[in-house]
Each structure stands twice: as C-alpha cells, then as structure tokens.
C-alpha cells in the first residue's frame, strides 16, 4: 500500500517489534510515532498465526485503544473517530494498515492490533502496541541581536524527517523551513504550519497591538480616595506592562493594573502604559487623572450616592400626589343659602335704639 500524495504522511518503517506466542505473532513496524495535529497517520503491522489455521478461518481483525468488560473495542465503532478511521488488511500478506485522518491531540494513545478465528478462544493481540503522540505547532521567539529575532517552529515531540515547514506573514506564504529571521519591533503577524496543512497552523506571534487604558472609579478624584488604572493589549507572546507619568523617565509601576491610594493633587496628570513582549513594544494613549479638591475618604462618596438615591426615591413617590392635587384642587366649603341670607341681613340691619321724648 502506498500513502496518498499531498501533505505530511506519518508512515514510518524501521526495526520490527515482534510479539509472539506459540505461532501467534504481531510485528509492528514502529512503536512510537509523533504526528502534527491535523495530519494523516499510518500505523502498520504484519500478523502471523499457527500453520494449522487457514487464512479463511480469520473472522475478524481490527485496531483498538479501549476495552470493555475485558474485550477490545473496535476503533471504527468509537464515535470520536467517526469518519476518520480506515483499515486496509490483506490476507495473502497477513498485513493490516490503520489510517487516521485529521488527527487530534486527543488521539494520543496506544494503538493495538488484534485478530481472531472462528474457533472460540482463538485470538491474539499484539501488546504492547504503537504509541501515537499528536502535537500542535508552536513558534519559539529568540532575540539574536538588538535588531533581529529568530523564529523557530517546533513541536512537543520529534516529527518525521519528512516534515516540511512553511512560514506565513500576515496570511501570505514567505518562506519554507523550520526557522525564520525577522526584524525586531515588527507589527506583522507570523505563524508556521506543515506544508499541505494550511489550516493546522501554529498560533501567530506578534508585538503588542490595540492598546487600551481605563480608569476606575473615575478620572476626577477627591483627595484621599483610591484610583486604579488598567492597561490591556492584544499580543502573543503575552505582553508585560509598565506605567509612566508624562514627562517622567522612571516608571511609576509595573503590571497590568496600577493603583494609586490616598490620591493627592500631586498625582494629577497624564499617564500611559507601555506593553512589551519578545516581538516588540508599544505605548498607549494618554489618560488624564485630575483632583476635584479635598474630600473625605471613600465613605463620603458613598454617602453622597446614598443621599442622592434617597432624594430620587422621594421625588418619584411625590410625583403622583402632585399630579392628583393639580387635577382635583380643594373647593371651598359650601354653606346653606339661608345662612348666607341671614349673614347678609345681619350685615345690613343694625340695632335701632328708640328714644321717647316727653
């Protein structure tokens, strides 16, 4: 059998490993295989049975990595391998090949071959089997001098000598090989991949980009309060952060967060952060922090907030009553009509004194 062309195929032939017992035998051509994630892997073996057994008596043969109730479970029945596993077995040569496509890191396991006849109890498993290690690609960054960086594509296990690496700069193929030399401070994105497997690439490496700074709780502070500045950047490898105040050479702090306790007027000013990794460095925009004058500690701010909330609640509750008062104003108390007449009469007539002249 010849592996199909195109891309990396892991199919190694070396010293045979023989497992035998009373004429039963399994020869694995390789006990350890390293494969890149997303590639195609071939595992092969030759099996032998006692001379008295006819090839037509072999009723089943398959590869497995799991057992259930002490019995091997055919790899083809494993849902995790659905559509990715293929067997090619030949009775004349007593050989069997396992092909796994689009290998994943979870496929790392020990693979064994087993075969059995139509007679009860006549079966044999080649153990130990073949250990498959599936690895993802990573880019290692090393500074060669003040202006140049050396990028190396590597994996956690040793891939086949046939593995061919290619490099991409901003999604454009630029070079073939396991290493790449680039200028320091570049804003470009670089990644490596196995030739023929464009989608199975390493994470891209690049200098800090899209820096942003924020402040909490506010950029206008009362003296005595605390304020925290936060810086973030998109970078790989991860960036280290340093904080500066404008027009100062010495850093004020290091780390993604910078907290100023007991804020005073002297702390007012413009601040910025510098993000740096092996690929380069970049500065954020200025963030201005000012003082609004002397004030209490944090409790005073809290008190102001609480009082404001209470006043708002009172206003909200009072609105319906105000609206109702406007719609239905109080009317003057009505009195009986005769009472008005009496009052009117009493206001017109006055008592008359009678004088008798004799």
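Every residue, even glycine, has its Cβ placed from backbone N, Cα and C.
Here is what TrEMBL records for this protein:
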type: DOMAIN; residues: 128-192; note: domain 'Ig-like'
type: DOMAIN; residues: 208-290; note: domain 'Ig-like'
type: SIGNAL; residues: 1-20; note: signal peptide
type: TRANSMEM; residues: 299-322; note: transmembrane segment
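According to DSSP, the domain 'Ig-like' (128-192) comprises 0 helix, 37 strand, 28 coil. Distant neighbours of the transmembrane segment (299-322): 222, 225; these residues of the same chain sit at least 6 beyond its ends, with a Cβ under 8 Å from one of its Cβ atoms.
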